[in-house]
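**Q** Please see the structure below; I have some questions.
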Amino acid sequence: MMGESDAAGASTRRRRATLAAAGRGVSLQPVTGSSAAACQSAVTADIKGDDGQRKRDHSLETVRSKSKKEKKKPRGDISERLGCHKTQESLLSSASGYNNYRGILNWCVVMLVLSNARLFLENLLRYGILVDPIQVVSLFVKDPYSWPATCLVIVCNVFILVALYTERQLSMGSFSEFVGLLVHCINIAIMLTFPAAVVLIVPSVTPVGGAFALGTYTILFLKLYSYKDVNKWCRELSTAKAKKLSRSLSCPSAQHFSDNRKVCYPGNLTIRDMYYFALAPTLCYELNFPRSPKIRMSFLLRRLFEMLFFIQMLVGLTQQWMIPIIQSSMKPLEDMDLSRMTERLLRLAVPNHLLWLMFFYWFFHSSLNFSAELLRFGDRQFYNDWWNSETVTYFWQNWNIPVHKWCLRHFYKPLLRTGFSKMVSQSAVFFLSAFFHEYLVSVPLRMFRLWAFMGMMAQLPLAWFVGRFLRGNYGNAAVWMSIIIGQPFAVLMYVHDYYVLHNRQEVD
């Protein structure tokens, strides 16, 4: 009986210990001896049993949740398979908003390189190496002891000094405004007629040398016209006794300069100021040009290297690529074979356009930046993003910024202030540009065919058509087509006429 009662008591104590461990709030009565050890082992076994039960319950819940997900997953896959479309635009559509065409651009570059490499190899196999540096010298000089084009360029200093002398006399009151205007008009009129007469009369002037001399005189003509206008505006401001002269045109604010020195009228009428403007890469005169702080030798040397490299490329490609195509085009032009003429025109379009792009980079980026860096001339915006032109007008406004600034400042806006409409003023600007294009081509070639003049005047109806009917990418494509096709067409016309004219003279 005693053993049974002890066993029953031990069992009761184990149940109490289990309840205390489960409840965590009930205290056990202290026990001693073997009973305490038995109780401790019973409590530990019960706690382990409870933890195992919890783990089994948790794993069972995890399995059930996974089974539920697995039961639901096939239903989701089926719904996704049933519907696979949504509202969206094609990537090549403008409405899609997609603009990453880098791969297509790389593809175009690779195709352009491969196609031109094939043409280059074909040219070498057919004609051999035609590059001859000695022939380039003969384009400028016929007689090594006679340099008429160079002499013409040296003579242009006379016109520079006459303009400076006239402005000095006007500033001192020795000349009236009428007399000063008359002297300036005579000076710039002779600047256009005198070199043209020399090129037409003197037989030793080559076409290339004559074009170089006339180009120099044309640039100087535009510079001296601007010099006359700006100094006249300064005199008008002085006469009106402007209260804030430092903020006027004659004395811009000091924030535009790297130093505090600025020139006011008539302190600008010096030989140094005059020749700085004559050599500066701009056509618009100012009393105080923006100046860069110093000459960057690394930048200067890079531009010099580009100038030398691209001039060699231009000469080499012209001799190797352009001249054979032009020579092979004479027969179809004489026979008026339209199909072969079109084929020769398209063959000439690619090298002509490539040379034009190289010339643009050589002149507007390398050469003008070189002279600007050498003179510390601060305004380096010689061109804008004309390659994105969506209208013809935008192209002519942005591909040659110095000429555009001159036309806007000294020709277009004065016509508007006089009372002319915008259409008439724009037409006048194109007419002036057409005149100088023809002047720079026909006079050196000693023949007048008006191809350049008509090509420039044709830009007016083309600008109207593109601006009215073509927009965006279509307008940009039309501008590129006019550049790529129009120039080689004019080149063929002039070369054909020059070839026929000189061949007839040789036959006679």
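Think of each number as a place in line: the chain as shown, counted from 1.
Using N, Cα and C of the backbone, Cβ positions are placed for all residues, glycine too.
Per TrEMBL, the feature active site maps to H437. Annotated compositional bias 'Polar residues' per TrEMBL: 29-43, in sequence order. Annotated compositional bias 'Basic and acidic residues' per TrEMBL: 47-64, in sequence order. What TrEMBL lists as compositional bias 'Basic residues' is 65-74. According to TrEMBL, the feature region 'Disordered' maps to 1-80. The feature transmembrane segment is assigned by TrEMBL to 104-125, 145-166, 178-202, 208-225, 304-326, 346-364, 415-436, 448-466, 478-496.
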**Q** Restricting to the same chain and to residues at least six past its boundaries, which positions have a Cβ under 8 Å from a Cβ of the transmembrane segment (178-202)?
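**A** Same-chain contacts beyond the flanks: 148, 152, 156, 159, 162-163, 166-167, 169-170, 210, 213-214, 217-218, 220-221, 224-225, 228, 439, 443-444, 446.
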**Q** Taking a Cβ cut-off under 8 Å, which residues six or more beyond the ends of the transmembrane segment (346-364) line up next to it in the same chain?
**A** 116, 119, 306-307, 310-311, 313-314, 317-318, 321-322, 325-326, 329, 382-383, 399-400, 483-485, 487-488, 491-492
**Q** Can you see whether the transmembrane segment (104-125) and the transmembrane segment (304-326) are touching - at least 3 CB pairs under 8 angstroms, only pairs 6 or more apart in sequence?
**A** yes
**Q** Applying a 10 Å Cβ distance cut-off over all chains shown, what neighbour count does H437 (active site) have?
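**A** There are 18 such Cβ atoms around H437 (active site).
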**Q** Report, as numbers and ranges, which residues of the same chain sit near the transmembrane segment (415-436): CB under 8 Å and 6 or more residues beyond its ends.
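**A** Result: 218, 393, 396, 403, 407, 452-457, 459-460.
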**Q** Hey, which bits of the same chain come close to the transmembrane segment (448-466), Cβ under 8 Å, at least six residues off its ends?
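**A** Apart from its flanks, the transmembrane segment (448-466) reaches 391-393, 396, 426-427, 430-431, 433-435, 437-438, 440-442, 475, 478-479, 482, 486, 490, 493-494, 497.
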**Q** What same-chain residues lie close to the transmembrane segment (304-326): Cβ under 8 Å, and 6 or more beyond its ends?
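**A** Result: 119-120, 123-124, 126-127, 129-133, 135-136, 344, 347-348, 351-352, 354-355, 358-359, 361-362, 365-367, 370, 491-492, 495.
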